[in-house]
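Novice: According to Swiss-Prot, the feature active site maps to Arg103, Glu106, Ser129.
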Amino acid sequence: MSNINLTTLDISEHPNLPTSSAVLFKAKADKRLSFEKIASHIGRNEVATAAIFYGQAKASAEDIDKLAEVLGINYGQLEFLLSGFPDRGKSVPFPPKDPLIYRLYEIVQNYGYAYKAVMNEKFGDGIMSAISFSTKVEKETDKDGNDWAVVTWRGKWLPYSRF
């Protein structure tokens, strides 16, 4: 048996996720595919691909076609499940209970004002877009063999307008 880390889903633990999540995660588990492999097949970033699975990102017609192919799901069924618009932001309780998701929340809670201050000094009065946005997760191993998570956020700077 291969030693693969595979994210699966217990839908009973996530009652706010769309129906498509259960279908996508079941096919992912059945095929033993990582988000990296699925993302490579559909031509998207791993995080963007996972966001489709959690109902937090809109799948294009091309995404649906390629997902149906790689996951072995009927195209018509998948098109029906994924053709609507995402209902973003309601999939996780607030504050988050999952330890990893809570750590991400905690980073913003602890460093949010510091991020804001530095960004304001670099860019002026405004905000970083979470719509014109990309993100990626990488793994780094230091000289001592310790693994480090490298999370990159890249958002368009939107200056406040004067009126």
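Each residue's number is its place along the chain shown, starting with 1.
For all residues, glycine too, the Cβ spot is worked out from N, Cα and C.
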Novice: Should Arg103 (active site) be counted as helix, strand, or coil on the basis of DSSP?
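Specialist: The residue in question, Arg103 (active site), is helix (DSSP, three-state).
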Novice: Glu106 (active site) has how many other Cβ neighbours within 10 Å of its own Cβ?
Specialist: 13
Novice: When a 10 Å sphere is centred on the Cβ of Ser129 (active site), how many other Cβ atoms does it contain?
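Specialist: Taking every protein chain into account, the count is 12.
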